[in-house]
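According to TrEMBL:
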COMPBIAS  1-11  compositional bias 'Polar residues'
REGION    1-25  region 'Disordered'
DOMAIN    462-615  domain 'Fe2OG dioxygenase'
BINDING   480, 597  2-oxoglutarate binding site
């Protein structure tokens with residue numbers, strides 16, 4: 001079943017959708033579930049250079065309209081926030097990705113979906129949930145207007161199916177009538193500009209017709225002045241475009257299936273962690289736990305929700321051969337590094353050890369595994385198989401510092417030992433409650449930590465925490481640091497399953513020396529390889545020697561350092577290929593302060609098990625990490 005349920009009336013005027021065909025409590029629930037709206041920020045979704053959907057929430061811009069069948073809104077993008085309002089930063093370009101995608105869907109008559117948020121004040125009916133799917137709409141007009149100081153794009157859309165009222169339509173509304181008796185076949189007047197010769201529709205009856213060609217000297221002028229008061233032309237609002245065969249068939253608005261009727265086992269592919277529309281209550285359900293979709297397992301669940309629809313979906317075991325098949329070698333550019341490693345093929349044989357030194361900061365040590373290591377008893381091959389069979393309690397947790405409230409991690413996690421908050425707070429289990437396979441992994445990570453730290457000439461402290469992450473196909477962890485307060489200087493990771501690439505880069509504020517607003521970074525360390533390193537180092541030396549004042553130092557840095565744009569990012573310093581069985585150790589007191597890393601697995605199932613030492617203040621946290629490996633689990637490097 002894919003179409004929204006409709007209440008049957010005596011005529012077309014009374015036919016009404018009972019409620020939203022799908023809804024969500026968070027934006028990510030919508031993003032994970034609705035096929036045509038994959039967009040975590042901004043108001044317009046696009047895919048394959050075509051606009052696919054719009055989200056209409058708190059701020060749609062002045063002169064916006066949402067009625068039973070017509071939506072008028074701005075396109076979004078190129079804005080800054082000012083007192084909770086979005087203000088254009090500059091004139092919008094027709095070459096931006098959002099505008100180009102909207103124009104493509106407009107010209108090809110490709111319908112788009114619309115979602116409305118509960119913060120939208122334009123509707124005169126109560127929006128029942130935080131985000132609600134409306135229907136398919138057709139983009140009928142795209143034009144430019146002045147919006148404050150700058151010019152931006154606006155769009156008009158019509159509900160595609162005019163035979164039923166949408167769930168958002170007012171009960172007594174006369175707008176939604178059968179198409180034939182309406183007075184809706186008269187398009188708004190158009191006129192050619194005397195100055196530029198281009199034709200423009202008359203959007204507003206007050207002030208009147210204006211040229212909408214941005215390049216024209218008469219753009220957005222009525223009688224040579226910019227208008228202040230506006231009223232839409234009735235024909236621009238009321239006209240309904242013909243529904244001809246040239247309009248593309250958009251397909252189903254939502255997919256509504258009962259997955260309990262499907263096989264009870266699945267593969268760890270992209271389809272297995274997409275959201276689903278609950279067939280009972282129509283909520284978009286995310287895959288929160290490793291083995292189930294559960295309508296009630298929702299941190300944003302509202303008190304009035306009662307639905308408990310659940311799909312238990314155990315993962316079919318994936319062989320290592322399947323996880324590693326069809327892997328093509330990376331190209332040189334895909335593994336390009338700004339630092340050449342010190343390679344040791346002998347002292348810790350059968351491992352090859354590659355050490356990347358970051359001057360004044362620390363080191364990253366890569367223990368490269370091989371079939372001899374992987375195939376040993378209790379080795380990586382065994383662990384990859386065993387972890388799939390265990391019920392570890394892996395789940396996705398809410399990100400504490402996400403820009404979009406309610407966003408879950410793009411991986412499943414469980415923590416053992418001392419509680420650890422990386423980009424998210426994770427419940428922790430004591431090592432005494434950990435399965436043998438987790439303790440076996442802890443032994444390997446402890447060995448790698450000890451070797452890397454002693455080779456750096458520092459003191460080794462045994463890990464008292466282990467974080468296990470599971471990745472389905474398409475999951476990854478973006479750039480972050482492991483710089484939690486009380487975290488020790490060393491972090492070790494064992495990679496199991498499909499190959500991945502690990503990226504390390506300098507944090508933007510240390511690479512560029514300024515914030516996104518071009519404010520100089522306080523206490524600039526001037527790291528090796530940063531932007532304008534020599535000039536910054538010379539200034540820092542003068543300041544440290546007392547040759548210039550703090551005020552002069554700040555002023556000269558501000559004049560010297562400037563980002564090309566607020567979106568400019570630090571280049572990747574290291575690109576490391578992590579294969580099944582490889583170990584990585586990041587060591588250095590300031591490594592997590594100045595650098596950040598991300599991991600992007602290839603297609604297939606992957607586990608990453610990471611350990612570290614965390615200072616504790618006693619109590620239950622300390623007890624969870626109080627554990628000594630038995631002799632049979634101490635790894636010898638073979």
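Placement of Cβ uses the backbone N, Cα and C atoms for every residue, glycine included.
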Residue 480 (2-oxoglutarate binding site): tally of other CB atoms within 10 A of its CB: 16
Segment-level pLDDT (mean, integer) for the domain 'Fe2OG dioxygenase' (462-615): 91
Structural state of residue 480 (2-oxoglutarate binding site), classified by DSSP into three states: strand
